[in-house]
Amino acid sequence: MTTVKTNLLDLDRKGLRTYFAEELNEKAFRADQIMKWIYQFGCDDFDQMTNINKKLREKLKRVAEIRAPYVSQAQHSVDGTIKWAMRVGDQDVETVYIPDGDRATLCVSSQVGCALACTFCSTAQQGFNRNLRVSEIIGQVWRAAKEIGIEKDTGRRPITNVVMMGMGEPLLNMKNLIPALEIMLDDIGFGLSKRRVTVSTSGVVSGLDQMTGNIDVALAISLHAPTDELRSQIMPINDRFNIATFLESVSRYIEQSNANRGRVTVEYILLDHVNDDMEHARQLAVLLKDTPAKINLIPFNPYPGSPYRKPSNSRIDRFMKTLMEYDFTVTVRKTRGDDIDAACGQLVGDVIDRTKRTQVKQHDGEQIPVKTV
């Protein structure tokens, strides 16, 4: 009978120590040694772990494995951005490497597809398939680090930042998200600063409240409209958690967070003549007057079949200046990797079958109403 091996990438430090103690009858420091080999040296071969005795290495080869997603396709943009289709099981998710000056950001997926049906997002058109496991989330970071040259100088900047802004809604996969974040932050894992790991959410309040007091990372919120009426039209999640409820949850999280330095990043996609009028800017400023926020404007990136258009530069500029009149810090996101469909809202896995979503999807016990497409 074939033994089902434990994928060590599914375990954070606490889980790995428990596994070593209860399943292998080994001490905690051995688990820590293995964790360093995996994440700090990019090692997936027990035989190469030279400070581990041979008896333990042989035992690990029988019962455990280090199995990350593998790259099934890679596309390189002229601006240095790389998009990888990473194979998880029999499907692909997309992971994007974005170099920019002295930093390099990795955009990581949390689900295969997405159930939230945001009308401006190409990923949403796929529907939802499943949540990613811990090994499939953290494995994207592990594989990307290998691809850009963790063991040798490739001339590419190592990963300095991770953003959970790829395929899926992270807070609908809390069971697997939290351990993956713990590994990113762990000093014997990837050792990233909590200010350099960002979770973006479309407004799953139940998940955000679960994060509050349990994990401290930077927070970005996908707001995209200043009123409930408009937001519900383009983001059906608003029918479950309206703007006021969402912002109250954000305030609770920010109050206990050191990573956010007292303010949240508000993401606002600009859709031509939909949510980009000057009145929308004024409404947004009033809405956020009691929320310490940095506003990141995201000009829409068109994709085939989309009903929306990117606003003109003059409309983008007027919207930004209107917000700045209210003393907000406002940035306009640079479009990166759009020539390889890697820009925000364009993450579409070519090999994933396009399936119609049901009216209600179940995730981690949370029922979220969605619209069919």
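Note: Cβ is positioned from N, Cα and C throughout, glycine not excepted.
Of the residues Ser193, Ser200, Ser249, Ser251, Swiss-Prot puts just one in the S-adenosyl-L-methionine site with Gly168, Glu169, Ser222, Leu223, His224, Asn301: Ser200. Note: the Cα of Cys121 ([4Fe-4S] cluster binding site) and the Cα of Asn301 (S-adenosyl-L-methionine binding site) are spaced 9 Å from each other. Of the residues the record lists as binding S-adenosyl-L-methionine, namely Gly168, Glu169, Ser200, Ser222, Leu223, His224, Asn301, the two whose Cα atoms sit farthest apart are 19 Å from each other. Cβ-based neighbour count (10 Å, all protein chains) for Cys107 (disulfide bond) stands at 27. Checked against Glu94 (active site, proton acceptor) by C-alpha proximity, the binding-site residues Cys114, Gly168, Glu169, Ser200, Leu223 yield Gly168 as the nearest. For Leu223 (S-adenosyl-L-methionine binding site), the same-chain residues 6+ apart in sequence whose C-beta sits under 8 angstroms from its C-beta are Arg231, Ile243, Phe246, Val266, Glu267, Tyr268, Leu284.
Taking Cβ-Cβ distances under 8 Å and a sequence gap of 6 or more within the same chain, the neighbours of Ser222 (S-adenosyl-L-methionine binding site) are Cys118, Ser200, Thr201, Ser202, Gly203, Met235, Glu267, Ile269.
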